[in-house]
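According to TrEMBL:
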- 1-22: signal peptide (SIGNAL)
- 209-237: transmembrane segment (TRANSMEM)
- 244-267: transmembrane segment (TRANSMEM)
- 279-300: transmembrane segment (TRANSMEM)
- 312-336: transmembrane segment (TRANSMEM)
- 370-389: transmembrane segment (TRANSMEM)
- 401-423: transmembrane segment (TRANSMEM)
- 435-457: transmembrane segment (TRANSMEM)
Amino acid sequence: MTMRGWFAVVLHLLCTVISVRSDSSDHKYTVGDETYRYFDLPFCSPAHMKEKKEALGEVLNGDRLVSAPYKLDFLQDKDSQIVCKKTLSKKEVVQFRKAIIKDYYLQMYYDDLPIWGFLRKVEKEGKSDPNEYKYYLFKHLHFEIFYNLDRVIEINARTDPNAHVDLTEDKENDFVKYAHDEETADDQEETGWKYIHGDVFRYPKYKSFFAAALGSGTQLFTLTVFIFILALVGVFYPYNHGALFTALVVIYALTSGIAGFTASAFYCQLEGTNWVRNLLLTGSLFCGPLFLTFCFLNTVAISYSATAALPFGTIVVIFLIWALVTSPLLVLGGIAGKNSKSEFQAPCRTTKYPREIPQLPWYRGTLPQMAMAGFLPFSAIYIELYYIFASLAAEDHEWWWRSFLCGGSTGLFIYSYCLYYYYARSDMTGFMQTSFFFGYMACICYGFFLVLGTVGFRAALSFVRHIYHSIKCE
């Protein structure tokens, strides 16, 4: 029985987001997210390179697999075998030095079991000046395969530290400059809330945008719940490559009807009339910024020849999913929401003319409350409800947007932490790593903003309905 392995055509930085290490001296984390094809480095390439056909999730994950030059026959031991010989040019030596100094490692798959191996060895002992470091490239791999009956259960790849090539010569002329360029980088009465029972359920400004934000947030919240459920039942096991990305795309497309229904139904409850425009706003509120970010970052990945750049065929598939699944379900959900004929259940009658809002202290404004509500995420709901109640006690009945923004402000704090993490705790360098980190984290934090804003508003709405339900209004 012959079992051929697949050689991962990705080169990851030594510590990815999944595998993070910290240096004992400065406790800085080394994090990277660049992946490249294996043969982008000047290794010996086989005469006939067979590429593996990846699924959608694998492509989104940056996987590009080709057949390896190693033939490992089942139950057949091999002492040693030369795969190829190659003389490196000066340019190729420089390429390998760059990979060594940036701690690249290689990844392989054998019978769908992952294998990781290192490219290099760096001798730093007794040398304080980086210019005196020694750089070596491994040229031998030793495979250990463990099996049970006719099944492979584990495989390891080890390198021979004595079988290496010295790549230290002339590094001052070409690599040190490259490394240097990369590294330069006030109390109110508690009864005051009763006086605004005729205004507290007055509809908010920009109600179409508000309903669209609730619809998008509800969809993303549902997406999160489904992902957690799939994770609990074991769908995302370690060797199911790209399953998470595939699930995100498919579930997001299938839950677009929830966004359309929620946004359209709530917009009609607020007596909105232009439900078509509201539906268009709902469909573009999250997808629009995500699409613009993707276009920019994919262009960056293409310029770096990184595997994170999606092929044209994959982009077409995602577009077809959006055009044939996401958009129709969004429209159908919007039509169902428009025809639901549900009314906004307000326990108090809204007066014809709004009551004037008294002058509030600066710390009762929207922005200070957003900062306080999002500062401690684990107590965000408590702080939010406290300040919503304080606003009502101060006879401020414009609480709708404030409840949404206070709940969603946690997303802004998460992004602020990303800024701190990038500058203080990571060693990410280069325009590509920086743009990918901040670009995709902005999309993720924006999703958090919509989800938590929706939860915050729903919680505040239930609270306000409860306290005003018992008021007797003439």
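Cβ coordinates are placed from backbone N, Cα and C, and glycine is handled just like the others.
Scored on C-beta pairs under 8 angstroms, the neighbour of the transmembrane segment (244-267) with the top count among 209-237, 279-300, 312-336, 401-423 is 209-237.
The list of residues near the transmembrane segment (209-237) in space but at least 6 beyond its ends in sequence, with Cβ under 8 angstroms from a Cβ of it, reads 243-244, 247-248, 251-252, 255-256, 258-264, 266-267, 270, 272, 278, 281-282, 285-286, 400-401, 404, 408, 447, 450-455, 457. If you look at the transmembrane segment (435-457), the same-chain residues 6 or more away from its ends with a CB under 8 A from one of its CBs are 33, 213-214, 216-218, 220-221, 224, 285-286, 289-290, 293, 296-297, 300-301, 308, 373, 380-381, 384, 400, 403-412, 414-415, 418, 422, 428.
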